[in-house]
Structures are given as C-alpha cells and as structure tokens.
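Taking it in order: structure first as structure tokens, then the write-up.
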Amino acid sequence: MEHTHAHLAANSSLSWWSPGSACGLGFVPVVYYSLLLCLGLPANILTVIILSQLVARRQKSSYNYLLALAAADILVLFFIVFVDFLLEDFILNMQMPQVPDKIIEVLEFSSIHTSIWITVPLTIDRYIAVCHPLKYHTVSYPARTRKVIVSVYITCFLTSIPYYWWPNIWTEDYISTSVHHVLIWIHCFTVYLVPCSIFFILNSIIVYKLRRKSNFRLRGYSTGKTTAILFTITSIFATLWAPRIIMILYHLYGAPIQNRWLVHIMSDIANMLALLNTAINFFLYCFISKRFRTMAAATLKAFFKCQKQPVQFYTNHNFSITSSPWISPANSHCIKMLVYQYDKNGKPIKVSP
C-alpha cells in the first residue's frame, strides 16, 4: 500500500517500487512503531498523572508546561503512530478516503507542532526564572500559564489547516510547484529552525548566567532540576529531528533517481528518530528528578496493587519565595517582596510580613 502521509512516511511500500513490493527495512518499521506506541503511550499517560498531582500540590508554571507537553506527545502517538501508520497501513491495509485522510493529516501536523512549540514558553519561563528572578512571580503564574498553553494549542491547530494541501513528495510522479516549496519550507522553519534558534539563544543565556552566578547557586534546588530537564529535552529534540529535516530538503531538491531506494531507507530511519522524541521524556524525568522517580514508583505500585495512593498533605495556598537558583532559603526572610501566595484563580498575591 502507498503511504500518502509524506511528512512522516515510513510504511512498508512506497510508489518507488511496484505495488506490493517490500520495504527496504522489511518489518522493522512496524515492529519499531508498535514498540514505540506500547512503550510511549503508557509512559506519557503516567507522566500526565504524576504531573497533574504535582500541579495540584505546587503552583509551578514549569509543571503545567511539562503536563501540556506530555498531552501533546500522546496526541502525536495516537494520530501519527497509531492511526496513520499502524491502523491505516498494517491493520486496515487500505487507503482512506481523501477528505478524512487530509483531516487526519491536519491533526497530525497540529499535534506535532504543539508538541514542539509548547517547549518554547517553557524555555522562556526558565529564562525569566534564572535571569530575572525578582520579576518571575509577577510574570509567570498558573493563571497566565494556562492561558499560554491554550493559546499554543489553538494557534498550532489553526496554523496547521493549510497542511490540508501538503504535497506527497515521495511519489514517483510528483511534480514540484512553487506553492509546495513554500509550504515545505514553512514546515521546516516552524517545526525545527525557529524553535531550535529560540532554544539555542535562551539556553545559552541561561548557561552563561548560571556559570556567572555559580558561586551563589543552591545545589539541588528545584529550579536546577527543571532547567536540566529543559536542556535535555531541547537538545534531544534538536538531535533527533535534524535527520528528518535534512532528508525532506534533500529529497525535494537533489535526490537522484538512481538513489531513491537509499533515500527511502534513510528517510524511514530519520522519521523513526523524530518520533522517538515523543516517547522518551518520561524516562528523562525519572533519570533527572528524584521526586518524579519516587512518585512514578508510588503510582505504579498503587496501580498494580489496586490501592489508592496516600493523600499528600499540602496547604491550601502555596507560598513561594523565588525560583532563583542562587538565593538561599536561609536568607529568604530578608527578601520580603518575593513572598507570594496565589488566589483561587492562580494569580499571585503579595503577602505582607
């Protein structure tokens, strides 16, 4: 069967071969994507459960962003890995009607764009926390964070509508047009070049600031953990998505006809690497954060024993001194202006001493 979803094409046969011919990777793609779905979907669901508990206990913007990222990754795994690849190509083994097929394609682009762009406000949030700690709680608070997340989801969906006309550049009879070139370049800019530029610039400033203030840094502080998670997420994204962008542009402009089989193999591998990005965040969180590991273990233990998790005690109002990694709690009583509590709408209220 031909795989018409060119943006993540990794199916068992393409039009470069005769109908029914086997993919150069054999059954590797279907095995890989099946494992990716079986591993990534439960991992992201568990991540959503844990982060939901953390959001309920602590009014912290970064937890909201990571929660939104996990939800977006679930959508990517569902629409792209399950519906587009496994269901259409291997379970149903038939081409879907054009209109539903294109609608699903728009949802695929929307989910992958959301998964990428939700990390941008997280990066900005960490930049403000590290570089402008005195202003952090007046700029970043739960109510505003939720509005930003909703805006990202809506914007990514609306900007994905033009991808209804996404071209199938992988077919043998594909004829390139200027409109297709513009759409493909917009895709490359929006999913990789622009986000990576933002990540590189802001992360570089954060690293410089942390090194400059290293003598005052509070080791093991939560902001350090969140910043480490941010660096890891963005670095892995840039690494795993680079081959896919390179292969799209190479095939669009310079793939020789005699090397189409090799280009197909390399494109399949590039797409596998790109989608791997949606399934590994849970394991990164467990590796970096002891709190996340502990909560994951408790959640799994309660699930397999069919028991309720113990209710964690926390106050009705969360108090936060600062997200700066170099202000010691021992000296926090001297910083009266930085003590906040949150109202029922999640907006900060300064507490008088």
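Keep in mind that glycine also has a Cβ here, set from the backbone N, Cα and C atoms.
Going by the topological domain names that Swiss-Prot assigns, Arg58 and Met266 belong to different sides of the membrane. Looking up Asn11, Asn318 in Swiss-Prot shows the N-linked glycosylation site annotation sitting on Asn11. Segment contact holds for the transmembrane segment (66-86) and the transmembrane segment (269-289), given three or more CB pairs below 8 angstroms at sequence separation of 6 or more. Each of 30-50, 182-202, 229-249 was scored by its Cβ pairs under 8 Å to the transmembrane segment (149-169), and the highest score goes to 182-202.
Mean model confidence for the topological domain 'Extracellular' (87-102) is a pLDDT of 81. Broken down with DSSP, the topological domain 'Cytoplasmic' (51-65) shows 12 helix, 0 strand, 3 coil. Proximity of the transmembrane segment (30-50) to the transmembrane segment (229-249) is not established, fewer than 3 Cβ-Cβ distances being under 8 Å for residue pairs spaced 6 or more apart. Through the fold, the transmembrane segment (269-289) approaches residues 8-10, 25, 29, 32-33, 36, 39-40, 43-44, 46-47, 66, 69-70, 73, 76-77, 80-81, 115, 225, 228-229, 232-233, 236-237, 240-241, 243-244, 246-247, 296 of its own chain, all at least 6 residues removed from its boundaries and within a Cβ separation under 8 Å.
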